[in-house]
Amino acid sequence: MQGPLLLPGLCFLLSLFGAVTQKTKTSCAKCPPNASCVNNTHCTCNHGYTSGSGQKLFTFPLETCNDINECTPPYSVYCGFNAVCYNVEGSFYCQCVPGYRLHSGNEQFSNSNENTCQDTTSSKTTEGRKELQKIVDKFESLLTNQTLWRTEGRQEISSTATTILRDVESKVLETALKDPEQKVLKIQNDSVAIETQAITDNCSEERKTFNLNVQMNSMDIRCSDIIQGDTQGPSAIAFISYSSLGNIINATFFEEMDKKDQVYLNSQVVSAAIGPKRNVSLSKSVTLTFQHVKMTPSTKKVFCVYWKSTGQGSQWSRDGCFLIHVNKSHTMCNCSHLSSFAVLMALTSQEEDPVLTVITYVGLSVSLLCLLLAALTFLLCKAIRNTSTSLHLQLSLCLFLAHLLFLVGIDRTEPKVLCSIIAGALHYLYLAAFTWMLLEGVHLFLTARNLTVVNYSSINRLMKWIMFPVGYGVPAVTVAISAASWPHLYGTADRCWLHLDQGFMWSFLGPVCAIFSANLVLFILVFWILKRKLSSLNSEVSTIQNTRMLAFKATAQLFILGCTWCLGLLQVGPAAQVMAYLFTIINSLQGFFIFLVYCLLSQQVQKQYQKWFREIVKSKSESETYTLSSKMGPDSKPSEGDVFPGQVKRKY
């Protein structure tokens, strides 16, 4: 009973908020905390704060003003060398790292222009900086040696780049561990920038996470992953950025390079390494934030990649890295390992086939109509109500809701929260539809197997007991686990569907492949059982017409049970375009086959349709008779030539 009350209640709340908003248009005496009144009509958040809705001027009474963290992307205030940014409520400040202080003696400053941080430690620190300076100068000469890179082949270039990356990491970590008392070291030139941080004791509550910044790129890593449980000696983390290396190991080294896409590298190449233990597993993924080399729209394809070394050379790979957030200036990635990283972007993505789009929308529209008619038939036709029609009804409802949401919501990528909800709902509805297809296959097999013993009652009891918990419960558990584990992978930049990152698509494809494989096996078993049964009957029973009808219904069951979805996995190679058309045409008409087989070709349903048709005609005839009688009046008598509906004029 709560469902009918929900919509009026929601409308009431919206109207209440609208009335409150209208009243506040003439006065903003009650702006939220950290906000000020503008022209006595609107509120605006104070400097250092932003509204929850993103609007500069607002009147909504429940709006909030949240603190802006200027030290993180997309703001990322740059404090200069040997300094870090600290966020405070409504503001921020820069401060020299330990071992450095301002020339003026002040504790804080506002930006890199005010940075006069000077070294105050012993000569060992100077030696450490000198060592780092030698490293960056040495490798700068290698990176800028155009003759070296032009004379080498593709495989030699990747191998040389891999060697350089490993050597820089090793030498930088070695330098940082020589003098761990110098907590932070920063150095850079035109080609390489380095920051190292050393840990000499256990992780504290204040330093659970370390943040390193070089050339507007940053990395967040857990302290426990740096020390790896080793409390006997110092540990260090190094973060290195290469300004020009991306021109050498560019997007042509991407292992998933598609000739149809113009992919380019849109960030500096960065490396991350920890020591003294090198090849270690991380308890939690590191977060990397890249500043774009070119400001680009956030709707482009974005790939978080790392430099993967193999026996045949090295290349950019997405394994273990996935996208968290992207805007015009920055990209944020999560990676489950340490290596060298970058951001690749697709300048132009593959255009959609307009013919396939038309086929999809027309086919799904026809399916929606057929599924609606089928669902109404199963609901209203009392003569055919049983376990079988209950299965048909649930399958029809799930497919109807899934197709309807697909048509109206698949492209609604903004706001992102709504897009994620749509993606999650589509995930659940299509999984539920496939689960009901599996139950259809199981019921069909059990019915065929028990033809000889006529044990329908036990089948019905079994299906009634398991079908609803399985049909709706199993998909709910699958989606709940997926959403709890990877909520950010619901919704992409151009579709409200599942991300391809981290193999997340297999949370849908895995169950689907298992279901249509099981249904294909069940279909073959049913076909074999029916063939044996029919061959044992009197030859007169199996007429040519009945055989043809049986063959047609059996073929249609392939579509209804979802076995044709395997065509979606065959869209590779030269036949990809043909398979795409077959997959789209066949599966967009699944609803039509359900209505055709379970309704139009069912004798019981045909009789019910005929009964309904006669009742409609009779009702219409009686209505016309009543209307005509009303026009003639109670005292009127029909003339000899008048013939009422349903009467035949007799000749004597």
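Each residue, glycine too, has its Cβ placed from N, Cα and C.
These numbers come from a predicted model, not from an experiment.
Annotation in Swiss-Prot places CYS79 in a disulphide bond whose other cysteine, of CYS45, CYS94, CYS96, is CYS94.
Relative to the membrane, GLU440 and LYS533 are listed by Swiss-Prot as lying on one and the same side. Within the set ASN189, ASN455, Swiss-Prot records N-linked glycosylation site at ASN189. Considering only the disulfide-bonded residues CYS43, CYS85, CYS117, CYS321 (disulfide bond) has CYS85 as its nearest partner by CA-CA distance. Under 8 Å from some Cβ of the topological domain 'Cytoplasmic' (379-389) lie the Cβ atoms of residues 443, 447, 459-460, 463-464, 467, 598, 602, 604-605, 607-608, all in the same chain and six or more residues away from its ends. Within the same chain, residues at least six positions away from CYS65 (disulfide bond) with a Cβ under 8 Å of its Cβ are PRO32, PRO33, ASN34, ALA35, CYS45, ASN46, TYR49, THR50, SER51, GLY52. All protein chains considered, the CB of ASN334 (N-linked glycosylation site) has 19 other CB atoms within 10 Å. ASN250 (N-linked glycosylation site) has ASN145 as its nearest neighbour among the recorded positions ASN39, CYS79, CYS96, ASN145, ASN189, going by CA to CA distance. Residues 384-385, 389-390, 392-393, 396-397, 399-400, 403-404, 406-407, 581, 584-585, 588-592, 594-596, 598-599, 605, 608 of the same chain lie 6 or more positions beyond the ends of the transmembrane segment (358-378) yet place their CB under 8 Å from a CB of it. Helix, strand and coil counts from DSSP across the domain 'EGF-like 2' (67-118) read 3 helix, 17 strand, 32 coil. Of the listed glycosylation sites ASN145, ASN327, the Cβ environment within 10 Å is emptiest of other Cβ atoms at ASN145.
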